Amino acid sequence: DQPSSTPCVAPRVQSSRRRRLCALWAGGRRHHCRRPRTPSDPSRSPVSLLWRAMDSPEIPPSDRREERPPASLPLPAAFLEFLGENGLDPALYSKADTIPRYIRLKPGMESSVVTEIESELKCDLMRVSWLPDFYAIPPEIQIAGSKAYQQGKIYGIDAASGAAILALDVQSGDHVLDLCAAPGAKLCMLADMLGSSGSLTGVDVAKHRLAACRTMLQKYSLGDRSRLFVADGTSFSILPVNSNLGSMEAFVGIEDNGSIFSEWTSKRSWKDRQKSKKAKAAGSPHLPSTSEPELIYYGKDSGLVGLQKRYVLHPSTDAAACTSGYDKVLVDAECTHDGSIKHIQKFEFWGWKTLDRRVLNVERTGNLLHLQLGLLTNGFKLLKTGGSLVYSTCSLTVAQNENVVQQFLSKHPSAELLKINPADSWPCRSGGIQKTLRFDPATSQTSGLFVAKFVKL
């Protein structure tokens, strides 16, 4: 969510570490800044050898030690105060250069593809034993320019985020809701897990970010059963097109007068173009809270083609959600991102004053807590009885995690925390509430992530 209008300007004398950060910030946009110089054999770099050694089965996790002192970020006093207030160790932010970059190989790819990707990236792909289809690569390796990425064979997603999705236990035929879908890697993994049945609904308040989700789904050929809504996740109330097909029969086959869903096309109507112009003129990329959800994509097998729009897009009631709601809901809520070490590292370029505004601002933090509880509450409302919901944030603070969970449970007697069974083999620790999980750089060699799973009784 970095400001796209501000270019990354390289200083006259730039260290290799700064070049790496600049490339990370720009996401490979070579017209903004130079890419880091690729060593002749990245797989033999000190960092590569370090994380490979840490993954070695010959070294028990409890005996793993860093072999070189990591570089420390010049964290500002205000951020150090924020960490102190939340009981967080500033030493975590010295580990950015030792945490692997994670990629996911699109399921169904031949094993020979791994060798091809290794040859192209000039590094080994180390299989993540506890997470199917995930591989770790050295943190300095960039994938955006690779053919494997451009051809839709791999995409970047942190292992902790992959674990949160795996915790949801998506099954074939499920109707799944991702209430905070952007930027799209989680959405792709959910679509992969669904396979050839069920449906996937992605929601995000920022249209330009949701458009990136649409691009990813199309790039990886995963959009057939998906639909994407620009909407406020705290008030979104559209249920899946599911087993209530009998009540839809009256709406199928009616003459197409503009109120029937035809096959989706990227060509926008005049009405949609006018709406976009007004939003752009207002200077806000986000949907106004009073606006109705805007459907910006639906796949050919999403169940919408041939149905009347007013039936599909009408808001639901609580009673309807209990019987016809979503089987699985993911709420990866907006947060201060303080657990994403590499995200915090970017502020060395964006400017620490930007960190004050985006992370440390008291008013914004208070609004975030209200937003997180609202997202969790609405996601649970849209869940059918017996369905499960995963709440996660990439914050390490108790306020945005355990406290939100406690507030939610105190107001919803039909909600109950579930044990995440696969976590028995995951490199994570228990959260402050029983059955919740925490990933962090020191324990997991991933970004920080809090995960809680609920069931609707």
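Every residue, even glycine, has its Cβ placed from backbone N, Cα and C.
As annotated by TrEMBL, active site, nucleophile applies to Cys394. Other C-beta atoms found within 10 angstroms of the C-beta of Cys394 (active site, nucleophile) number 25, with every protein chain shown included.
Annotation source TrEMBL lists S-adenosyl-L-methionine binding site at Asp204, Asp232, Asp332. A simple way to gauge crowding: the CB of Asp232 (S-adenosyl-L-methionine binding site) has 21 other CB atoms within 10 angstroms, across all the protein chains here.
Residues or ranges marked as domain 'SAM-dependent MTase RsmB/NOP-type' in TrEMBL: 88-457. Mean pLDDT of the predicted structure over the domain 'SAM-dependent MTase RsmB/NOP-type' (88-457): 89.
Residues or ranges marked as region 'Disordered' by TrEMBL: 29-48.
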Original post:
So which other residues, same chain and not among Asp204, Asp232, Asp332, have a Cβ within 8 Å of the centroid of the Cβ atoms at the S-adenosyl-L-methionine site?
Top reply: Leu179, Cys180, Ala181, Ala182, Val203, Val205, Ala231, Gly233, Glu334, Leu375
**OP:** Give the number of CB atoms, excluding that of Asp204 (S-adenosyl-L-methionine binding site) itself, located within 10 Å of its CB.
**Re:** 30
Original post:
Rounded to a whole angstrom, what is the largest C-alpha distance between any two of the residues Asp204, Asp232, Asp332 that the record assigns to S-adenosyl-L-methionine?
Top reply: 14
Subject >> Length of the line joining the Cα atoms of Asp232 (S-adenosyl-L-methionine binding site) and Cys394 (active site, nucleophile), in Å >> reply: 20
Original post:
Hey, what's the Cβ neighbour count for Asp332 (S-adenosyl-L-methionine binding site) at 10 Å?
Top reply: 22
